[in-house]
Amino acid sequence: MSLRFIYGRAGSGKTRFCLEEIKSRITSKATHPLVLLVPEQFTFQAERDLISVLGTGGILKTEVLSFSRIAYRTFNEAGGITYPHIHSAGKCMILYRILDKMKGSFRVFSKTADRQGFVNTLSTLITEFKKYNVTPEDLEKVSKELEEDNPVKEKLMELTAIYDLFEKTIAERYRDPDDDLTLAAKKLGSIPLYDGAEIWIDGFTGFTPQEYQIIGQLMKKAQRVNISFCTDCLDGDLNDTDIFSSIKTAYRKLVKMAKENGIPVEPSVVLNSKPLFRFSQSPELSHLEQYLYAYPYKTYNEKTKDISLFSSVNIFAEVEACARDIVRLCRDRGMRYREIAVVTGNLDGYEKLIEAVFSEYGIPCFIDRKVDIVNHPLVRLIMSMLDIFIENWSYEAVFRYLKTGLTGIDRESIDRLENYVLACGIRGSCWTETEEWKMVPELIPNEKSLEEAKELLEDVNRIRAQVVAPLMEFRKKTKGRKKASDFCASLYDFLCTLGIPEKIEDAIEKFRESGNLNLANEYSQVWNAVMEVFDHTVEVMGDETFGIEKFARILEIGFGECKIGLIPASLDQVLVGSLERSRSHEIKALYILGANDGVFPPAVMEEGILSDQDRAVLNNAGIELASDTRTQAFDGQYLIYRALTTAGNYLRISWSIADHEGRTLRPSLVVFRLRKLFLNITETSNILPSGSLEEEMELLSGNSPAFKSMVSALRQKADGKEIKPVWQEAYRWFAVQDEWRGKCEALRAAFQYKNLAQPVSREKIAALYGEPAVSSVSRLEKYTACPFAFYVQYGLGAKERQIYSLRPPDVGTFMHAVIEKFSRMVAKRNISWRDLDRDWCSEKVSEIVDEMLEKMQGSGIAASRRYTALTLRLKRVVARAVWLIAEHIRRSSFEPVAYEVGFGENGKYPPIVIELDSGEKIHLTGRIDRVDALKTEDGTYLRIVDYKSGGKDFKLSDVFYGLQIQLITYLDALWESGEADENNPVLPGGVLYFKIDDPIIRGNGRMTEEEIEKAIMKQLRMKGLLLADVKLIREMDKDIEGSSMIIPATVNKDGSLGKNTSAATMEQFKLLRKYVRKLLKNLCEEIMKGNVSINPYKKKGTTSCKYCSFLPVCQFDTTMKENTFKLLYDKKDDEIWSLMAQEEEE
């Protein structure tokens, strides 16, 4: 029996020495057992290293073990191997159950016990207690010794209670894997296992008390225990700031243990001879290893070749640069992928990018990490399915479930169902009611839309039944409080009903066929992992009954503890790992990614349940635990040292100056240290590209990335910039390769592309719009705003996805419909508007609103029934509007003669027919909200009123440009229809917009109710264009004195019209009529020609693109010379009249 230490600095050959010694024992035909003991995560690599030294035959004579494997072997020999272990998921479930029972008695943990993640943190702490042999009795003893006012006392008491109950619960049926080493240490001495063995312990920086116990037993049994340590020396004073401090502490403990057991300590094997084995070919890396944390230090003055720094504009560019350099090393220096490693302090932030970019560059890589199953589609399916019942069939839960891809419903059906559900606001009991869905995704459905939706409803109800059936079958079995066994059995049946096991097998096969072995490996483990969680749930929760919400929480805790370990799919791969798991042998080149402040080294973890102060209290009481945050910070320096000294030939350290969101990042202090050590260190960057040929050539590191870089370069050439000839040569190469020829042709077409919409043929126009073509005046206004938007919306019939919500247009449409119903009721009952009573108006409006809301199923407005305030506001606004209409009519001699006057096949009037030069005819349809009339000796004056819920002003310049021609066109149609009657001709009285609104009146608090009403009336004054006839205007507002409160007119004291009057003479109305007719004809000519140009307008600070839904379709971009706005300018009315007159003369 003896103990021997093998030590040396990083790269000195400690592992190789151990392997060579094992080889020599095998060569000398030693009969005693040979054991190599390494950390759990490095066993696979250690076996590979052993094979490389010994060959496949030698590996059979040597055991590569970890501490947990030694425990397993011990139980196998001494008994206890069949004792049921509890998984970490089961431990967390037990802790959740304990916390749930004890939460009423907590004071310290009363607020944190229910927080997500607390159970996992508590489980980690208990694991730490066990690794350091701390029992509940130890904690209780310390808590009793503390003063009553000590804040740690109560925390320790609560932890003791939790820990003690946990231990008792575990002892009933299980064994905690965290106890294995303690139990194994007790049994190891009584069995012959490893008697006379020679053991090499390699790769550790320190040990837990449990591991010390195992080592102590091995010392007593083995003929020799060899322990290798990475350190400069073993003696000397301990200093917390020494990067080898934890190793020297471990050495002292082991020596003390050996002496206590009478085991001799042999002279140490020192491997610090210069140059160190690993760095024999690189003086630079040797200098780095020697002086990284040395004070004082020597500088390296020559230009570095093996060490370089690289700063990148962002993380993606950093990973790309790394991939290009790896390709360069393999191509120019003959390195193998397995000789290269990538290490980062932020693996979570880099791993997806590394996978994607390395794949593009054809670099095989293995990312050394364990995969959480929480985000696996199978787990998301289970949790979202449970959420459906917990959240009462919320939209989010249902479609999280459906979009896992495991339900057996195709994506097209899911999309169709989702569109319907969003449009109709389906939720809650709507999913489970026995009646089929009959809601129509339309604001105010009519008979025609109901008929058209028949096919949609049949399809949607079929999909709905397919979705609901298995879910309701599961819910029927799990309604109310059930045992875990009932829940898990029902859940298993549910998964089998969906055919999940078969789907998982199919996915594994597809991944294997496509060469994606990592995903195949992951999927092959996930089903078993889920089944294990079910088993633990049943075992832990026993006969306790609970509801579905608690069951979901238990599963969530269980899945959160499940991680899948992956193994490399091939031998020749780049190893990618975190700073903590960066150990690897025979690495020639190392890339450090993300060498940023706070990442390299990683920021110290939060203190957790026990703060540094709490740990200090326990330490003073003789209880040893894991290191505090201060010690962890110093340990971080050792991690940096170990990482930077991993490679023997090449080291490249890179960092980004900005993250994904553009926030500034600082380089790590390590970077500044390297700049001090190496005064002439090679440093490059892609922040400001030099454009040199060498730099451009680096971009040709792989076909796919080279093609992308070539596209970027050729784009610059197309923009008139100079590029290197290499890119034209690259294009010629790609163009003759079969794999890339098609892409080059597409590229050529792309560079010739102009964002222009080509005219549509007459045949297609006829097919889209019919023969004769039918449109509306409002649509022609849309065509004026942008021909392409008109074509997409009305020609192709594109629509925005309807969302079940109350938007301003919905409110406006609804209020418009209420006023229409009210107006028809007044006319039907033959009631004069002048006789209406305000209370009666409010009462009838309220009845109409309630009646419409009752009928409106599946529209956004229907939801307002649940919001009393909104319903009341609708009633108030519409009641005010009808009362204001009545007040306008009372003040006027004009009488309403028609409501909702339609132009078209089923309207009161025939469609407005526009005959084109080609002989083609276009029928324009439309609807007038209200027509008022006044009979005089000269004829009947008509006034058209249009109700608007938004702010709509009348601008003559907008009429001139074609943006506001609707009311003038309607007036013209009525005017023309009445011109034939010579005895009573129809004459234009005006066109007006009536605003439906609930304005806020700003004034002092002393305003009377009458003053408030006047202010509201003035604010809601109609806007538009009137006939410039004082007599007629007085008929429109009999109370007018100065500025009218109801129409856009002012009468001066001398009886003339004021300058603020919006009016036109009879001649001007005739001119306007002719101009609009000509404008309509021109617009229709352009439509029938197939002009669908992307030509939006810009007027002052607004454009027709501002609220356009089709911008992603047209991709209008002002940086492209062919994409320009049609510039419109507001002009004075006199100038507009003059321009119209000029048009007429032409």
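Glycine is no exception: its Cβ is also placed from the backbone N, Cα and C atoms.
Residues annotated as domain 'UvrD-like helicase ATP-binding' in Swiss-Prot: 1-280.
Look at Swiss-Prot and you will find GLY8, ARG9, ALA10, GLY11, SER12, GLY13, LYS14, THR15 tagged as ATP binding site. In the shown protein chains, 22 other C-beta atoms lie within 10 A of the C-beta of GLY11 (ATP binding site). GLY11 (ATP binding site) falls within neither a helix nor a strand when secondary structure is assigned with DSSP, and so counts as coil.
When averaged over the domain 'UvrD-like helicase C-terminal' (276-584), pLDDT in the model lands at 89. The domain 'UvrD-like helicase C-terminal' annotation in Swiss-Prot covers 276-584.
DSSP assigns CYS1105 ([4Fe-4S] cluster binding site) to coil in the three-state reduction, placing it in neither a helix nor a strand. Per Swiss-Prot, [4Fe-4S] cluster binding site is recorded for CYS786, CYS1105, CYS1108, CYS1114.
Mapped onto three states, the DSSP output places CYS1114 ([4Fe-4S] cluster binding site) in helix.
When other Cβ atoms within 10 Å of the Cβ of CYS786 ([4Fe-4S] cluster binding site) are tallied across all protein chains shown, the result is 27. Taking only the Cα positions, the spacing between ALA10 (ATP binding site) and CYS786 ([4Fe-4S] cluster binding site) is 70 angstrom. Around the Cβ of CYS1105 ([4Fe-4S] cluster binding site), the number of neighbouring Cβ atoms within 10 Å comes to 19.
The Cβ neighbour count for LYS14 (ATP binding site), using a 10 Å radius over every protein chain in view, is 23. Taking CYS786, CYS1105, CYS1108, CYS1114 as the binding-site residues under consideration, the smallest Cα distance to GLY11 (ATP binding site) is found for CYS1114. Within the set of binding-site residues (GLY8, GLY13), the lowest number of other Cβ atoms found within 10 Å of a Cβ is recorded at GLY13. Within 8 Å of the Cβ centroid of the [4Fe-4S] cluster site, not counting the listed residues CYS786, CYS1105, CYS1108, CYS1114, the chain contributes ALA785, PHE788, ALA789, ILE1094, PRO1096, THR1103, SER1104, PHE1110, LEU1111, PHE1116.
According to DSSP, CYS786 ([4Fe-4S] cluster binding site) sits in a coil region rather than a helix or strand. Cα of ARG9 (ATP binding site) to Cα of CYS1114 ([4Fe-4S] cluster binding site): a span of 64 Å.
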